[in-house]
Amino acid sequence: MDSMKRFYFFALSILLILALIIWMGPSRIIRAVYMADWMIIAIALLIHMGVLAVRGLRWGFIIGQPWRMRVNFMVKTIGLFAGNLSPMRSAGEVMNALAGKKLNGIELSEGLSAGLTERFFDLGIGGGLLLLAAVMVPVIRVIALFGAILSVLITYLIYLVNWREEKGLRIYQRIHSIIERLPVSEETLENLYERLTSGIKGMIGYTRSYSNFTSLGVIFILSLLSWLMECLRLYLVFMAFGVETSFSAVIIIFLLANLVGILSALPGGMGSMEVSMAGLFVVFGVPGFLAGSIALVDRIISFWMVTALGAIFSSCYAGEIFDEVRSYILDIRA
């Protein structure tokens, strides 16, 4: 049943992309892509590789291994690959932690702490920028305000789980009370409770170990740099197609499109992000066929290229990573 559901979601994603291409006009999109400045597109691709490097540096800084750039790059790419294949990118942090356990030699709780801290800053910065957009751009005020409120709420929830031990344990206890209603043996439930509560305590303890002004300031700067580099990538794709727009408009479009990707039940926002980006481009005055071309090329760089790299890296370590998952599950059942 789960495999069929995943297949349906993937098929829907592909159908949305095909619908976008048909709506914008395949021949016009091909012509626009052919006429684009491929040198600028290549620079945009390099910029996105730089984004992955910055994210790897941030990950390495949090876990105390900033010098292991190659390993950190691989761990982050594997995590992004998992996020691209899961609804709301929900599997990214877990796979990051598992890959970090194997490649960085850290504890699973440390990897989860690092992943949640990264998500905390990414959502916090995004929420702040969306709030600013809601104030400054009336045409998208409602959706930007909704996105800002949602981002702040999720950021606050991450704060409770990743920094506040008492609150984090209380949240899990409520979730555990729901799990208890499932047809699971009492021994397994007890093992699950002990493993997860000790994991939450370890995760929060590790988070607090680097929660000082200097460390959090560095993480914030790297997170902001990653955001701005992603916006620069999209801005360069606009330039490649000869479309003139302000950098502030690109930031707003990128924020709103990412909001759709986070909320979407489709894997990695596949299909929904392409459609939302093209629609937002049209709202900001970009012709339809160019809007579709820009959206598709940007997603090839930011989504499909990362997915391909992540698939390559994951294939090298898939057996070892899944051995970690299997041993964890067996420990719970034991």
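Cβ coordinates are placed from backbone N, Cα and C, and glycine is handled just like the others.
Feature list (source: Swiss-Prot):
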| type | residues | note |
| --- | --- | --- |
| TRANSMEM | 7-27 | transmembrane segment |
| TRANSMEM | 33-53 | transmembrane segment |
| TRANSMEM | 120-140 | transmembrane segment |
| TRANSMEM | 142-162 | transmembrane segment |
| TRANSMEM | 218-238 | transmembrane segment |
| TRANSMEM | 247-267 | transmembrane segment |
| TRANSMEM | 277-297 | transmembrane segment |
| TRANSMEM | 300-320 | transmembrane segment |
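Touching of the transmembrane segment (218-238) and the transmembrane segment (120-140) is concluded from the presence of at least three CB pairs under 8 A, sequence neighbours closer than 6 excluded. The recorded stretches the transmembrane segment (277-297) and the transmembrane segment (33-53) share 3+ CB pairs below 8 A when only pairs 6 or more apart in sequence are counted, and are therefore in contact. Non-local neighbours of the transmembrane segment (247-267) in the same chain are 6, 9-10, 12-13, 16, 84-89, 126, 129-130, 133, 137, 140, 143-144, 147, 150-151, 230-232, 234-235, 238, 273, 276-277, 280-281, 284; each lies 6+ residues outside the stretch with a CB under 8 Å from one of its CB atoms.
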